[in-house]
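Listed in TrEMBL:
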- A:89-304: domain 'ABC transmembrane type-1' (DOMAIN)
- A:31-52: transmembrane segment (TRANSMEM)
- A:93-116: transmembrane segment (TRANSMEM)
- A:123-143: transmembrane segment (TRANSMEM)
- A:187-207: transmembrane segment (TRANSMEM)
- A:228-248: transmembrane segment (TRANSMEM)
- A:288-307: transmembrane segment (TRANSMEM)
């Protein structure tokens, strides 16, 4: 008993030595220290601009002149009353849907094809990534030759068939299609590679088992690949939502003025921010729109997350039920 | 195995970082230098065509310590965006920044962001109104004038011939007449000949000709915006659109289609400030038949014209000022005129034989110097351009494009323009 008491005493003495304390702190705090660079960077590069934008949005603020009077929510009210805000909101959603939906579907399909045992695998895989490497401005320059109203390649073809040319820079839907095409050209391959990476992680025995059971390629794709890709699908949809709602380069480069058309046919919200901030030099209003865009993105991202989880989840459940049935 | 050991990579990175630090240290220290023989790299930002390409080489040859990097923006809008962004950011501007007269008033509000360029050497170098426009309330001169834009009418003599119209410069000038009505009437005649080529390129370009003849189109002298109530503006809007409905190629100026149309018989005439000569000969390379008539509808007219500034951000202000002064000296401006048709704003250059005797081979050897000098003499209105001129005029251009593209009726588009002007606040 005395030895036990001495031991306890010795232990408690040892507990307060500096090195012991340090090693305890090490265990407790080091992990936070290790992940802190990201959060410090995020605070400086992400959180601060976000809050500063909010600060700017409640002031009169000139691009060059700087801060003016505090005006409360007046900038938000003014912006929400502008027809161009609503036009650009419509355009943003339209271009987002026209780009993101086909993009994700095409990316899964391309990834599925690349997942087969093709000859020259690396060549094909690098090939789909190639458009991603091209700068968006260069993409826009190339595509502008295709989508010229009068002397563009597509319209030349259409006119030689004796049909009416498509007014890419005048009508709303054609301009959105053209811009969505540029976006898709750039991002489909990138997303395909992400899907491909996830597909390669699917255990091959599942497919073997399914094929032995008589499932064809399409069936294995729908019943095995897609459900198992669930987290990646959610990831890709989230990132392409965030990107899709912030399309700027392609829309800005679509004509030489860069304001999204004479009637704002293809002005996106980011272009609208640019017009307010740099064209009219009204940073207060530009920041108000930026914050509205931020809120919209959050809402859409949450909606997306819930919906895709439900869809992918139900497919997943089906798979599990089926798997139970098999066993 | 060609893999670098980790320590090598770390050393390389550390070395590169240290090197970068030394570099930034150097450039930070260079701010206060005077114009000396130390090596400097000067950046010059221009737009459209200034005709400086060979001048830069000449300056570099005469000043071996200077290297010049030219950043060329395609349009004046683009240059303006770039300038204001970097002005706001407080860094990134070129040592010499070219600006256009239409947005000069906006910058004058922030004249303290630009170096004072006034000096005894350049006193009286430019036309009075040109210098006055670039001088702020306290008498600081923030920009050196480069060119002005006296306008003639450029035309395709081959297309005129096909339509049975006269092709000779003097006869064409008579045909076009001196009023907008006579210019449009000539267009109607051209169209009646069934050539199937539009008369002019766009309502927007024609608008520039008309609006630059209105003394106070958008703003009163005190800056009050009168754009939407000004009967002269409404009248001009109606008449330009009436003409455009039958005579225009409906090509938005500066668009890709507009640029390409020069190779495709896009239109027969074009309002032609001096600097447009360079744009046309560039876009229409290989096309023969362009010529310029010594007349302009509605009297004389000035379209555009530019300046060179030295932003306070520049680390080599003394050198930059020297270069800007050299580029805008009469001798150099005459060379720029010979190369791209940018018509001088310098008093000495205007009376020089070099200018008056100069011809332009692309425009059928037209005596462009004499013609544009006549056109400059015909200018009797100096339109007032205030702080809001550029955005209001920009919105007007889009209003015209909306009607030309068939998106809206003239009335709808006018109403939207009124709303746009109001939204500028």
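Count begins at 1; order follows the chain as displayed.
A Cβ is built for glycine as well, from the same backbone N, Cα and C atoms used for every other residue.
TrEMBL: automatically predicted annotations, no manual curation.
Long-range contacts of the transmembrane segment (A:93-116) within the same chain: residues 124-125, 128, 172-173, 176-177, 179-180, 183-184, 187-189, 191-196, 199-200, 221, 225-226, 229, 233, 236-237, 240-241, 244-245, 247, 251, 266, 268, each at least 6 residues beyond the stretch ends and with a Cβ under 8 Å from a Cβ of the stretch.
Same-chain residues lying 6+ beyond the ends of the transmembrane segment (A:187-207) with a Cβ under 8 Å from its Cβ atoms: 99, 103-104, 106-108, 110-112, 114-115, 125, 127-132, 220, 224-225, 228-229, 231-233, 235-236, 240, 243.
With a threshold of 8 Å between CB atoms, the same-chain residues lying at least 6 positions outside the transmembrane segment (A:228-248) that come near it are 92, 95-96, 99-100, 103-104, 107-108, 179, 183, 187, 191, 194-195, 198-199, 202, 206, 268-271, 274, 293, 296-297, 300-301, 304-305, 308-309, 312-313, 315-316, 319.
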